[in-house]
Amino acid sequence: MAEAVSLKSRWAAGEVTFGAWCMMPGALGVEAVSSLGFDWILVDMQHGCMDYGQALDMIRAADIRGLPAIVRVPWNEPGIVGRVLDAGALGVVAPMIQTADDARSLVDSCRYPPVGRRSFGPVRVGTRDGAGYAFTANDRVAVVPMIETRSALDQVDEIVGLPGVDAALVGPFDLSVALGLPPGDNDGKPAFDDAIKTVVAACRRHGKAVAVLSNAIVAPLRVAQGFQMISVTTDIAALSSASMASLTAVKEKTGTKNAG
């Protein structure tokens, strides 16, 4: 396995990193995107369709290419956080964080004592990194609470200021709904724009990276706003857009139309 580059060190150096958001189960999709130049992949166990075994295989596929695999867990719960880290995830994104106490619980779940309360038992990752994993995990694993609720937005300074939090990820869909807007990127709407500025400013004050679920159209704006961890596609979106482009091109060249 090629050694994965530390995302935390890249963020600390001011680098912008681009990733692919994986929602479909199985290692093949990860293998397909892992040689394209992405800086990381995210395995989405919250809204994606994979179980734990499939997520483990996806992490392993990323490992083979030396691509950092981050997992969005279904919930901020110590059991599943520990399991995805034991599988080899190099970062954990936790959804629906409400308070600084929630974020502190996430840090505790991701860090071995004396920093946190993670249980030691890296069954799979131990075969990858050997006995030294226990001494490097606290420094290598990225802890990323999501800012996507009104409560988290109100407490963003306290959340990102916590020792052990490495980045905050803006969830534009849930955040928009929390602000009374339709789900999605609502740039140009004052409430949404102000929320983005608030999160970015808080992360800068505390020296933390700021992340976001995005797409190829909006990503350049997010770079300009100061985001450093930006997803530019999901596997489902990439499959749909590429399939549609191929189908449209063939129909245009052959003069055929959609059935029905």
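For all residues, glycine too, the Cβ spot is worked out from N, Cα and C.
Copied over from Swiss-Prot, here are the features:
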ACT_SITE  H47  active site, proton acceptor
BINDING   E148, D174  divalent metal cation binding site
SITE      R72  site 'Transition state stabilizer'
SITE      D86  site 'Increases basicity of active site His'
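With D174 (divalent metal cation binding site) as the anchor, the candidate recorded positions are H47, R72, D86, and the one with the nearest CA is H47. A coil conformation is recorded for H47 (active site, proton acceptor) in the three-state DSSP classification, outside any helix or strand. D86 (site 'Increases basicity of active site His') falls within a helix when secondary structure is assigned with DSSP. Using CA atoms as reference points, the recorded positions H47, R72, E148 were checked against D86 (site 'Increases basicity of active site His'), and the closest is R72. Taking every protein chain shown into account, H47, R72 are the recorded positions, and of these the Cβ with the most other Cβ atoms within 10 Å belongs to R72. DSSP assigns E148 (divalent metal cation binding site) to coil in the three-state reduction, placing it in neither a helix nor a strand. For E148 (divalent metal cation binding site), the number of other Cβ atoms no farther than 10 Å from its own Cβ, over all displayed protein chains, is 24.
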